[in-house]
Each structure stands twice: as C-alpha cells, then as structure tokens.
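Asks: Take a look at this one; I'll ask things after.
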Amino acid sequence: MNLHEYQAKQLFADYGLPVPSGIPCSSADEAVAATKKLGGDKWVVKCQVHAGGRGKAGGVKVAGSEQEVRAFADQWLGKRLVTYQTDANGQPVNTILVETCGNIAKELYLGAVIDRSSRRVVFMASTEGGMDIETVAHNTPELIHKAALDPLTGPQPYQARELGFKLGLNAEQLKQFTKIFLGLGKMFVACDLSLLEINPLVITGEGNLLCLDGKINIDSNALYRQPKLKAWNDETQEDPREVEAARWDLNYVALDGNIGCMVNGAGLAMGTMDIIKHHGGFPANFLDVGGGATKERVTEAFKLILSDSKVKAVLVNIFGGIVRCDLIADGVIGAVAEVGVKVPVVVRLEGNNADLGSKKLAESGLNIIAATSLTDAAEQVVKAAEAVA
C-alpha cells in the first residue's frame, strides 16, 4: 500500500523527523486559506498522487502569490496527472499539498528497502539527491552508500555517523542525521514498511536537514495490524478492478492486452502469460485465484476479467492440486451464465478432479473450447482473440 506525500510526512513528524510546515487541501479556497495560515510570501504547491515524476509533469509549482496558488488548485483538483510512472490515463488529483518554501543549499538522498538476499533492512544514502536513484545506481553506483540493520539490535548511531561522514555532513548536521536515521529505522519496522524514500533530504540555507519529500510503501500483508495506516489508503489511486479483486483475495494486475487470464498459482500465471506472448497474443491481465479458490471467488474472478472491454477471449488454466478442477468448472459455468459471456472461453484443466471438471463443462451446453495441453490452450485462445478482433 502506498501513502501520499503529505501522509508520509505526517508519519515522519510522528517519529521526530524535521519536515516543512504544510497543509493538505481539497479545494482552491482551502489552498488559499492554507497560505494565510502558513504565512510567508512564497509557497510550494504539489499534486498528491501515487506516482513520481510530478515536477516534470507540471504537478509541482513554486507560487509567489495567493492567486497563483488558487490557479494551481483550479488547474489540477479534480483532474488527472500523467507522469512517466503512470499509464496514459494518469492518476486523479483529489488533494494538493501547500507548503512553506525555504532556501536549499544541497540535496541528498536517503532511503531504505528490504534486501531479500541478506534478509535485512538496508539504508541507502547518496549525495545525488533530487535525482532518480535507479539512474544513479546504474551510472554511478559508487555514489550510493549502504548500511544494513541487524534485526536484533536495530539501527545504530555509528551507522548513521558512517553514512553522514560519506555525505560530507558537519558535526551539527551529523547529530541531526543520526536522529533522522534512528527514527526512520524504528519507523520502518514498527509500521511494517517495505520501502521508504526521502528524495531530496535537503540541507537548508541555514545548514539544517529537512525532509523535503517523502515516499512510503507499506507491506499490504501486514495491514491487519496497522489499522491507522490502513485507514489512510486512497483507493482512488488504484485500478478499480484491482481494488475489487483485493476484496475477494484475488491477485490481479491489469495489463494492456486483449486475452483475459485466470490461473491458479503465481508461477503458472506468469508462465501462461509468457506462452500467450510466445504464440503472438497479448495478456489483458495477471490473475491468480490462489490455492484456496471457491466457486464464488472463481465467479468473481471471471466477472472481473470480463469487466475489461478490451478482452476478446479468455484463457482459464488450472492445475488442480489444492484447487479442485470441478469447483473451477462450476465457477466458470456460473460466471458465464450470470455475466452473459460473448467472447470465446478456452479452458485447460489438469490434476485434481480434472475429468469431472471437463465433464461438467462439456455438459453445460456453453460455448467453451476445451484444450488438451497448455500449448494447445495458448494457440486456441490467440486464434479465438484474433477472430473476434
């Protein structure tokens, strides 16, 4: 689960990190009122969306008057912001953040991720703040400095000092950086984060450190024990189909193709998409119904696939282990009958109760194409999609 910038900064503040004074606003009047409350004669206004690249897309502006703030709010609120990290439709802008504007002497980078190979939280710091960290890692990896946290002891002051020295901080800034580092380390574990970034972490004209931006990803599997953070989830930033899939514990990711896929198991789902591509087709989605699929979940999965108007054919690929193929067949039959499917459906069933499942499909009277193998299924569904198109 992603947080907006203003939410990330609120969490930073809860852990004692220095952040600019700012007010999230959902209307132009609120934005103008925020400038009065914040004071000063210059403000930074930012569109709040779950995507990077806002500045280059016009979603961040330094405003020197209340009129400019109002114009920015009128321009973006209720609209969609398209960046290099969004699709062509962009993300809806429901909130803008109005912040005080200060002097920046230098931009740094500070972030943390879970390193799967070492099974530790790893902090990364760089003097190349304000840039895409992936680009820095590719072009100049020597400029990224790392510190791995021991899960038994957590973040240590000496690790902060080592990173701070490499960033060229002075004695006072080292104290501030240590406080930020220790706070982030505690927050990362306590809030079940999977990623955090402060880009840039700036040195102000007065020589102090300030978290000028914030990006936080939370482990969705841990939301059951993070009720406060779960309440911050903005579903408008997500694909409505993916939101609906989550309600049924389905793993769904929308893609740009025209062949819908329903598979049990993430590995088999990826393999299914690969073989569709291999035979000249284009998957419309990734959808894993999981090992504990029920008739109801399969029905909802089928309805979810067919809600995409681009879908011209559907491939159901089930290898029955825990999942019984006859239950999958019941779900397919129920969905086809309920939704009124008008596109070809290719079904490949193998494993637990596959014969019974195939028998149910054959006796259903529905226009379902039975496949004898995965290769046959891919060839048939690509051919069917091309015929409809």
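Each residue, glycine too, has its Cβ placed from N, Cα and C.
Grabbed the feature section from Swiss-Prot, which reads as follows:
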| type | residues | note |
| --- | --- | --- |
| BINDING | K46, G53, R54, G55, E99, G102, E107 | ATP binding site |
| BINDING | N199, D213 | Mg(2+) binding site |
| BINDING | N264, G321, I322, V323 | substrate binding site |
| DOMAIN | 9-244 | domain 'ATP-grasp' |
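For the listed features, I'd like the structural context: burial, neighbours, distances.
Replies: In this chain, none of the residues that are 6 or more apart from G55 (ATP binding site) has a CB less than 8 Å from its CB. In the three-state DSSP scheme, G55 (ATP binding site) is classed as coil.
Counting every protein chain shown, the Cβ of N199 (Mg(2+) binding site) has 23 other Cβ atoms within 10 Å.
Of all the Cβ atoms in the protein chains shown, 12 others lie within 10 Å of the Cβ of G321 (substrate binding site).
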Asks: What span in Å does the ATP site cover, taken as the longest CA to CA distance among K46, G53, R54, G55, E99, G102, E107?
Replies: 21
Asks: Look at each of the binding-site residues, E99, E107, D213, and point out the one with the fewest other Cβ atoms around it within 10 Å.
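Replies: Comparing Cβ neighbour counts within 10 Å for the binding-site residues E99, E107, D213 gives E107.
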Asks: Count the Cβ atoms, other than its own, that fall within 10 Å of the Cβ of G102 (ATP binding site), considering every protein chain shown.
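Replies: The answer is 17 other Cβ atoms.
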Asks: Measuring CA to CA, name the entry from the binding-site residues G53, E99, G102, N199, D213 that ends up nearest N264 (substrate binding site).
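Replies: Closest by Cα distance to N264 (substrate binding site) among the binding-site residues G53, E99, G102, N199, D213: G53.
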Asks: On the Cα atoms of N264, G321, I322, V323, which are listed as binding substrate, what is the maximum pairwise distance in Å?
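Replies: Of all Cα pairs among the recorded substrate binders, the widest measures 10 Å.
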